[in-house]
């Protein structure tokens with residue numbers, strides 16, 4: 001590396017110091033979460049606006065360190081227009097002993113889906129957002145990554161309605177048990193099979209898309225449970241108690257609870273999502289699109305995953321297929337994700353060394369690409 005590439009400067013962002021490359025200027029905070037603080041900045045080399053995420057105390061414990069490693073590996077792996085791209089990664093520390101900070105540089109978007117949900121979306125915008133969501137999910141699935149935790153706060157959009165998925169969901173080892181309380185993170189969008197601690201397949205993510213679509217139409221969360229039990233109750237009150245064949249697939253203790261709940265017949269999708277909630281242009285085309293949207297919801301929001309629509313089927317549904325582009329839907333699959341990362345056990349120091357090697361490798365790769 002040249003001396004210029006070693007130059008860093010420090011900016012105070014709230015109560016956090018950002019020590020970043022001198023190529024990035026005009027920092028301003030745009031968000032913070034459990035995994036880090038994000039600032040918008042301007043990249044003077046590429047001459048584009050970017051988002052810089054400082055991972056929050058990545059070596060505080062084994063869980064944080066493992067999560068940081070997984071996120072970094074996945075961001076390097078995937079490459080799709082509907083998944084946030086990694087533009088750069090760096091650390092201001094120059095050796096393993098001092099290493100403590102990881103910065104990820106990503107594309108800058110305008111808003112997350114929470115803000116978009118508050119707007120009155122017409123059918124074209126809504127179906128286009130859903131189409132892009134499904135394309136991104138299909139790409140993750142092609143790498144063997146099943147998300148399980150899609151939610152509006154982790155989906156970002158630009159003013160031109162382009163959409164990107166911002167994270168990679170739950171690690172395969174992140175099981176959830178039915179009686180877990182209280183809620184630490186938002187679980188409103190998690191599928192019944194995740195809430196109930198069952199096995200799951202790729203269409204677990206379709207449930208989340210259905211919840212997000214329903215929220216776009218209603219303007220409010222569909223199943224705002226305070227814990228897993230309340231979540232389950234909210235689902236069956238609206239959609240009805242599932243069939244005995246579904247109950248048979250539950251673990252005995254969970255089945256015992258679920259079978260002893262009052263039985264609900266649920267409501268029709270015409271009642272759950274009446275015409276008045278949809279864009280109304282008072283024409284035949286608008287009514288047909290509302291009917292198509294309801295039909296898609298009725299196939300996504302199915303408690304039994306064996307009866308739920310697949311990602312491929314959803315992409316071909318009448319409400320979505322107007323946007324269908326084979327190059328976007330069937331983009332080249334990334335290398336399969338090595339799930340042994342999720343199973344691996346290391347000390348914090350070992351994870352730290354692995355992450356340091358990844359960051360150094362990434363910095364070297366970027367430098368070589370720039371100097372060719």
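Heads up, the Cβ atoms here are built off N, Cα and C, so glycines get one too.
Here Swiss-Prot flags 24-320 as domain 'Protein kinase', drawing on sequence analysis.
Swiss-Prot lists 31, 32, 33, 34, 35, 36, 53 with the feature ATP binding site. Residue 35 (ATP binding site) carries neither a helix nor a strand DSSP state and counts as coil.
Taken from Swiss-Prot, the feature active site, proton acceptor applies to 149.
The phosphothreonine annotation in Swiss-Prot covers 181 and is backed by experimental evidence.
Residues or ranges marked as phosphotyrosine by Swiss-Prot on the basis of experimental evidence: 183.
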Other CB atoms within 10 A, centred on residue 35 (ATP binding site): 17
Those residues of the chain, 6+ apart, with a Cβ under 8 Å from that of residue 53 (ATP binding site): 35, 36, 37, 38, 103, 104, 105, 106
Number of other Cβ atoms within 10 Å of the Cβ of residue 31 (ATP binding site) across all protein chains: 14
Between residue 149 (active site, proton acceptor) and residue 31 (ATP binding site): CA-CA distance (Å): 19
Cα separation, residue 149 (active site, proton acceptor) to residue 32 (ATP binding site) (Å, whole number): 18
